[in-house]
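Quick look at what Swiss-Prot lists:
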type	residues	note
DOMAIN	2-184	domain 'tr-type G'
BINDING	D14, H15, G16, K17, S18, T19, N131, K132, I133, D134	GTP binding site
Amino acid sequence: MDHIRNFSIIAHIDHGKSTLADRIIQLCGGLSDREMESQVLDSMDLERERGITIKAQTAALTYRARDGKVYNLNLIDTPGHVDFSYEVSRSLSACEGALLVVDASQGVEAQTVANCYTAIELGVEVVPVLNKIDLPAANPENAIAEIEDVIGIDAMDAVRCSAKTGLGVEDVLESLIAKVPPPKGDPDAPLQALIIDSWFDNYVGVVMLVRIVNGTLRPKEKIKLMATDAQYSVEHVGVFTPKSRNLESLSAGQVGFIIAGIKELTAAKVGDTVTHATKSAPEPLPGFKEVKPQVFAGLYPVEANQYDALRESLEKLKLNDASLQYEPEVSQALGFGFRCGFLGLLHMEIVQERLEREFDMDLITTAPTVVYEVVQSDGATIMVENPAKMPEPARIAEIREPIVTVNLYMPQDYVGSVITLCEQKRGTQINMQYHGRQVQLTYEIPMAEIVLDFFDRLKSVSRGYASMDYEFKEYRTSDVVKVDMLINGDKVDALSIIVHRSQSQYRGREVAAKMREIIPRQMYDVAIQAAIGAHIIARENIKALRKNVLAKCYGGDITRKKKLLEKQKEGKKRMKQVGSVEIPQEAFLAILRVEDK
């Protein structure tokens, strides 16, 4: 066991984490040159395209060190984005060490810091690495100063490397072996294995990626999952050297996979503990929690007959993404669809994109909303994640909205514009610190304000230099109201929005104006109104299209013309009573886009 090292790589988006992983795998001969492609561990097309890591992956590598000993290195690739922070904490708790990769030309960024603090809290040894030192803009001294200043770990002897050219990658591994302690654990104790990740394979069912903490596991043994108490019999165990390789057994300190004929992914929850069914461990490993979705949106098929196909696609996605939640819902305007819960905005975009790309779905997505806590006048508290489910204003005692703590990092030139943005978003400043040229701002901002377009706006006011991460803090009483949109006096549920009272007039007017542009003219007048409860706050009219009924009367008597006009008016009136206004798809998307222009 002294020769095993379990480590993961922490880095901000684009600081070269996956490239470094590629180089390490190449150096240890995990794949032949023919099979080597860039970003080996990012197996989803989407991960490659966006250059982000979504699911955790592992590689068990052998490395002959300079002292002649052969070490087993287990690389656990973690997602770097804040939406997947629970997956990150699980991956990190399976390691004893983490390589902190910092781009020498850019210095420390927000997500790096967030994940690094997680690592330090979990007691993981952090080894700083400066990447991209081959760039002309690289400034290693500055980056070292930032690591020490912001994160507070000693970085004087940080390894310098360039993952692109392969320069210094061996030094990274040597430094890893020297600094990271070998795993502790007893191969003869009762089995305890932490599930780092799980996914569904069409041939063998659910594959669980685990780190064995204590004990030994062999095929044909009975195992039990401690969160659900479900029992299964093990078919295969093994490791990934990115390719899978079956082994006789997995013992304490190793990272590998278990295949046990599990049919649904919900049984194998990330962070759960696997143990033997008979000689089971007295207690599960700490840190397991159910992941709660933070952001909700409705997904509807563009064609109503695609509903079943959408349900199947969601079921298949759920096999690989246990944090996705969905339930069927019906909207008067959009027909049948699903209300889906996501970890955050990036997660939502990825799910949408995967549905469109892998399953060929055409989707309409309603505006993302967060979960509000509503205390009713009879004292009961309900959680509302859909504006249509919000009770009538008379029955509400108070509404509490989720508040998140946001950490922002940016060069000092952009502090002013970022502060202005946070103020617009009803943020309260908690803290502000200068680290060299970088500034760290801490704000408390309502989650609803972040969900819409905070991230995009932040990138645009700071020219892409600011980075952020957020975590949920608490529910706080707030003056939020539900704005309904009425078309000819009928509520359109899919267009309802929940906003702060201070912005309700403005937003109501804006949505109404937008709808006027988008809804095509009908044969009769259409009134678009925005209302809070029974109180109308904005109105727009769409004028009717009319045929020129007087075209055939040259000259002639005025009463004849009047008769024809009256007749037309009557017809329009009748039409208006029976007609229903077609609302085009763009109207729903427009709601998303009016957010704070």
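Residue positions begin at 1 at the first shown residue.
Glycine residues also receive a Cβ, built from the backbone N, Cα and C atoms like all the rest.
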CB contacts for S18 (GTP binding site) [other CB atoms within 10 A, all chains]
25
For S18 (GTP binding site), which DSSP three-state class applies?
helix
How many neighbouring Cβ atoms, not counting its own, are there within 10 Å of the Cβ of N131 (GTP binding site)?
30
